[in-house]
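**Student:** In case it helps, Swiss-Prot gives these features for our protein:
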| type | residues | note |
| --- | --- | --- |
| SIGNAL | 1-27 | signal peptide |
| DISULFID | C37-C85 | disulfide bond |
| DOMAIN | 37-85 | domain 'BPTI/Kunitz inhibitor' |
| SITE | L39 | site 'May bind Kv1.x/KCNA' |
| DISULFID | C46-C68 | disulfide bond |
| DISULFID | C60-C81 | disulfide bond |
Amino acid sequence: MGIARILSAVLFLSVLFVVTFPALLSADHHDGRIDTCRLPSDRGRCKASFECWYFNGRTCAKFIYGGCGGNGNKFPTQEACMKRCAKA
């Protein structure tokens with residue numbers, strides 16, 4: 001592979017990064033944080049049974065969390081869920 005092709009590939013990847021990076025930053029983010037309240041409930045991959053709360057788009061609802069994995073849309077109490085996710 002010639003130097004011209006390598007430089008062209010580097011230039012292409014650099015432009016692609018500059019164009020797509022702002023979109024990646026703004027998708028599902030609020031105040032610079034990932035908007036975990038928009039994620040679905042996720043039990044995780046383990047088999048434990050912890051009662052947690054998640055935001056379903058309208059309100060906070062209970063779900064059973066397996067104890068590991070999952071995502072950030074899980075809260076130990078309804079109050080914590082509402083504080084983080086409910087819109088005033």
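Each residue, glycine too, has its Cβ placed from N, Cα and C.
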**Student:** Out of the recorded positions L39, C60, C68, give me the one sitting nearest to C85 (disulfide bond) by CA distance.
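**Tutor:** Checked the recorded positions L39, C60, C68; minimum Cα distance to C85 (disulfide bond) goes to C60.
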**Student:** Write out how many residues of the domain 'BPTI/Kunitz inhibitor' (37-85) are helix, how many strand and how many coil, based on DSSP.
**Tutor:** 10 helix, 13 strand, 26 coil
**Student:** Highest CB neighbour count within 10 A among the disulfide-bonded residues C68, C85?
**Tutor:** C85
**Student:** Could you give the Cα-Cα distance between C60 (disulfide bond) and C37 (disulfide bond), in whole Å?
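**Tutor:** Spelling it out, the Cα of C60 (disulfide bond) and the Cα of C37 (disulfide bond) are 10 Å apart.
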**Student:** Check each residue in the chain of L39 (site 'May bind Kv1.x/KCNA') that is at least six apart in sequence and keep those whose C-beta is under 8 Å from its C-beta; list them in sequence order.
**Tutor:** N71, G72, N73
**Student:** I need the CA-to-CA distance for C37 (disulfide bond) versus C81 (disulfide bond), whole Å please.
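**Tutor:** Roughly 9 Å, rounded to the nearest whole number.
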